[in-house]
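Below is one structure; the comments refer to it alone.
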Amino acid sequence: MAARGVGLLTRLPVCSQRRNRIPRSISRLLSCPGTIAASIGSEEQSSVVAETGIEDKTLQKKFSEVQKERREQAQRTVLIHCPNNINEKKFLKYLSQHGPVNNHFFYESFGLFAVVEFCQKDSIKSLQNGTHTPTQSTEAAIPFKSRFLNLRLKNPSSQVSGQPFVQTTNQSPPSSKKLFELLSYAESIEEQLNTLLKAFQLTEENIRLRHLTCSLIEDIAAAYFPSCVIRPFGSSVNTFGKLGCDLDMFLDLDETGKLDVHKNTGNFFMEFQVKNVPSERIATQKILSVIGECLDNFGPGCVGVQKILNARCPLVRFSHQGSGFQCDLTANNSIALKSSELLYIYGSLDSRVRALVFSVRCWARAHSLTSSIPGAWITNFSLTVMVIFFLQRRSPPILPTLDSLKSIADAEDRCILEGNNCTFVQDVNKIQPSGNTETLELLIKEFFEYFGNFAFNKNSINIRQGREQNKPDSSPLYIQNPFETSLNISKNVSQSQLQKFVELARDSAWILEQEDKNQPFSSSRQPWGLAALLLPPGSGHTSLSRKKKKKPMSEKVKGLLASIKSNSPDSSTDTSGKRTISTQA
C-alpha cells in the first residue's frame with residue numbers, strides 16, 4: 001500500500017562523524033541509491049548533469065560496501081509514530097537521554113512518523129527498556145518488543161503552546177500536471193530528461209526508510225533464525241528505483257549454521273539437529289509460511305499479509321503501514337541481488353544511463369506498455385536491459401558488455417551462484433570510462449529509432465556479449481537473462497504488446513525528429529520534446545503526429561493505385577486530369 005502524502009525533512013547529523021564535501025560533478029554522478037553522494041545528503045546533489053556523462057568515479061564504493069553501511073545504519077535506527085502537535089526540540093531532548101542522535105527526519109504516511117538514527121545501537125536498548133506495552137480496555141495487546149514505537153504526550157497543551165509544528169517536505173513523485181509543467185519549461189530535451197530523473201529518483205530519506213523497513217522485518221524473522229539477514233534488492237538498491245516503487249526483500253539464511261573456523265578444532269564435528277524435507281522448494285515454502293504467520297500475528301504495522309507459496313518464486317506479500325511500502329519477501333534469492341549489483345554498476349558508470357532509463361520507463365508507463373499487474377506486458381527490468389544493450393551498441397560504446405566486466409574481475413570478484421557464473425568486477429573505479437560524448441537528446445531519439453526497426457522476429461538481446469544473436473526459440477521478445485543464460489527475462493511478452501511497443505517507438509522517434517531543436521516551445525507552455533512523448537494515447541499532439549506521419553505514406557499508396565489504374569485498359573484520363581472509367585466493351 002503506497003503512502004499517502006508522504007513527506008520528509010532531513011536533519012543534519014550531530015555526531016562527530018565528519019564527512020568531506022565532494023565536487024558537484026561527482027555528486028551528480030553518484031546522486032543515486034547506495035552511493036557516496038546519497039550517504040552525504042541531498043545538499044550535495046546538483047540540478048544539472050554533465051552532458052557527456054564522463055566524470056571522475058574515484059570516490060565510488062562497492063555495492064556490497066554500500067549495502068553493509070546501510071544495514072548498520074538501519075540497525076541503529078528506530079521508527080516512531082508521533083502525534084501531529086509534537087515539539088521537535090523537546091522530542092530530540094527526550095531521545096538524547098538514551099544517547100546522541102546522529103540523524104533524524106519526519107515524514108507523513110498514515111500519520112506523522114519520525115526516523116531517528118542513534119550513534120550507538122546500545123541507545124536503542126536503553127530506549128526500549130524505558131518503553132512499555134500499551135494497555136487497552138477492550139482489546140489485548142501482544143507484547144512484542146520492536147523498534148517500531150509509538151509516542152504519546154503526557155501533557156499535549158504544553159507541547160503546542162507557541163511552538164511551530166515540525167516541517168515535512170513532499171516525498172511523493174510529482175503529479176502528471178506538475179511533471180508536464182516542469183518539462184515544458186525546460187530549455188532542451190537534455191534538460192527535460194534530467195528534470196524527470198530528479199523528480200522521480202529515490203531520495204536519501206526514502207532509501208533510509210527502505211533499509212529500516214527491512215531491518216524491522218529482520219527482527220521478526222530472527223526469532224526463528226537468529227543469524228538471518230533481510231536484504232533489499234531490485235529497484236530499492238540498483239539506482240533505478242522511483243518514488244513509490246515496491247520494496248523487494250529476501251530472507252538470506254546463508255549465515256545460519258556457518259562454521260566458525262577458529263572454533264572448529266579437535267577430533268569432533270558438531271551438527272545441529274534439524275527437520276528434513278524432500279526439496280529446497282518445500283523448505284522455502286515452509287520457512288516463508290512461518291515468517292508470514294509471524295508478520296500477520298506479531299508484526300507491528302504489517303497488514304494485508306498474503307502467502308503466495310505456490311508461485312514459481314514463493315513469496316509473502318504485505319503492506320507496511322509505518323513506511324507506506326508494499327513489500328514482497330522471498331527467500332535465498334542471491335541471483336536477484338547479484339542482478340541488482342550489476343545494474344548498480346551500470347547506473348554508476350555514466351550519468352546518462354539513469355536519465356535515459358527513467359525517461360524510457362516513464363514513457364512506457366504513460367502508454368500502458370508496462371503494468372503493475374502481472375501479464376503479457378514488458379517489465380521495467382526488460383526495458384532497463386534494453387537501454388543497457390542500446391548503450392553497448394553505440395560507437396564508441398557508452399557501457400561495457402558483461403563479458404568485458406568479467407574479464408577485468410579478480411579472484412575476489414569470483415561468484416558462482418546455483419551453478420551460474422555471476423562473476424564481474426565489483427569495483428567501479430577499475431572500469432575505463434567511455435569516450436562517447438553523445439547527448440541525451442540524440443540518445444533518446446536513436447533509442448526509439450533503433451528498437452522501432454529492430455528485427456525482433458529473428459534476433460535476441462544479449463548484454464553479456466553486447467550484440468544481436470539469433471533467437472533460440474519463437475518468443476516474440478527474447479532478452480537473455482544475464483546470469484541464467486538459458487532463460488528469457490521477457491518470455492511473458494505477447495506479440496501484440498511487442499507490436500504496440502514497436503509502433504510507439506517509431507511514433508516517438510518521428511515526434512522527436514520534427515522538434516525544432518533550436519527553438520523549444522517552452523514559452524507557449526505546450527508539451528514538446530519528452531513531454532510530447534508522455535502524452536496519453538488519443539491526446540491532440542500524439543494523434544496529430546501520427547496523422548502527419550501517415551499522410552505521406554497514404555499519398556504514396558494513392559499515387560501507386562492511380563498509376564496502376566492509369567495503365568489499365570479500363571480507365572482513361574480527361575483533359576482536366578480526372579480519371580474516367582471507359583464504357584467500351
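Each residue, glycine too, has its Cβ placed from N, Cα and C.
Features as listed in Swiss-Prot:
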{"type": "BINDING", "residues": "TYR107, GLU108, SER109, GLY244, CYS245", "note": "ATP binding site"}
{"type": "BINDING", "residues": "ASP246, ASP248", "note": "Mg(2+) binding site"}
{"type": "COMPBIAS", "residues": "564-585", "note": "compositional bias 'Polar residues'"}
{"type": "DOMAIN", "residues": "441-486", "note": "domain 'PAP-associated'"}
{"type": "MOD_RES", "residues": "LYS90", "note": "N6-acetyllysine"}
{"type": "REGION", "residues": "537-585", "note": "region 'Disordered'"}
{"type": "TRANSIT", "residues": "1-37", "note": "transit peptide"}
Drop a 10 Å sphere on every Cβ of the binding-site residues ASP246, ASP248 and tell me which sphere holds the fewest other Cβ atoms. ASP246
Within 10 Å of the Cβ of SER109 (ATP binding site), how many other Cβ atoms are there? 23
What DSSP reports for the domain 'PAP-associated' (441-486) is 12 helix, 7 strand, 27 coil
So what pLDDT does the domain 'PAP-associated' (441-486) average out to? 97
Among LYS90, ASP246, ASP248, i.e. the recorded positions, the one with its Cα nearest that of SER109 (ATP binding site) is ASP246
Which one of these binding-site residues, GLU108, GLY244, CYS245, has the sparsest Cβ neighbourhood, judged by other Cβ atoms within 10 angstroms? GLY244
Neighbour count, 10 Å Cβ-Cβ cut-off, for the residue listed as 'N6-acetyllysine': what number do you get? 13
Out of the binding-site residues TYR107, GLY244, ASP248, give me the one sitting nearest to LYS90 (N6-acetyllysine) by CA distance. TYR107
Write down the Cα-Cα distance for ASP248 (Mg(2+) binding site) and TYR107 (ATP binding site), rounded and given in Å. 21
Which state, by DSSP, holds GLY244 (ATP binding site): helix, strand or coil? coil
GLU108 (ATP binding site): secondary structure state under DSSP, collapsed to three categories: strand
Which state, by DSSP, holds LYS90 (N6-acetyllysine): helix, strand or coil? helix
Rounded Cα distance, in Å, between ASP246 (Mg(2+) binding site) and GLU108 (ATP binding site) is 18
Rounding to the nearest whole angstrom, report the longest C-alpha distance spanning TYR107, GLU108, SER109, GLY244, CYS245, listed for ATP. 17
